[in-house]
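Straight from TrEMBL, the features:
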| type | residues | note |
| --- | --- | --- |
| TRANSMEM | 6-31 | transmembrane segment |
| TRANSMEM | 38-59 | transmembrane segment |
| TRANSMEM | 65-83 | transmembrane segment |
| TRANSMEM | 103-125 | transmembrane segment |
Amino acid sequence: MIEIMKWMISFAFAIPLVNLVLFFLILRIVVKNKKKSILLTLDLSTLFFIVSVHFHLITIFEQSFLIYIILGLLCLSIFVYYLESNRSKPPSMTIVTKKVWRLSFIFFFISYLFLTIYGIAAEIIKNAFI
């Protein structure tokens, strides 16, 4: 039973697109509101994409970039907080956190797609000339 759970967790982090679809299908039935189900799906999937990008970077470049990911998220938080403070009265940390989390989804989703294509192409080229 524990082996099955390990396999399911590793699969969830290795292929977050499957999670994205599953979360959407389940939440679409449960929530009934299409916009809320999409936003909740993005919120739940972001962590899976962050971890997946981290492991893609380790696999491709053979070193961890986790500290850079964390620093990037912190810099993004500061930037969004600054923009919010210029735009409105005192910025709400809840709004800033939501915006940062959703921007992170966009960035890590695109990074996941790019790193997947890059990793496949790099391995094909590497193995073609051996």
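Every residue, even glycine, has its Cβ placed from backbone N, Cα and C.
Curation plays no part in TrEMBL annotations; they are all automatic predictions.
These numbers come from a predicted model, not from an experiment.
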(Q) For the transmembrane segment (38-59), give me same-chain residues lying six or more residues beyond its boundaries with a C-beta closer than 8 angstroms to one of its C-beta atoms, as numbers and ranges. (A) 12-16, 19-20, 23-24, 27, 31, 65-66, 69, 101-102, 104-105, 108-109, 111-112, 115-116, 119
**Q.** Within-chain partners of the transmembrane segment (6-31) [C-beta distance under 8 Å, separation at least 6 from its ends]
**A.** 37-38, 40-41, 44-45, 48-49, 51-52, 55, 112
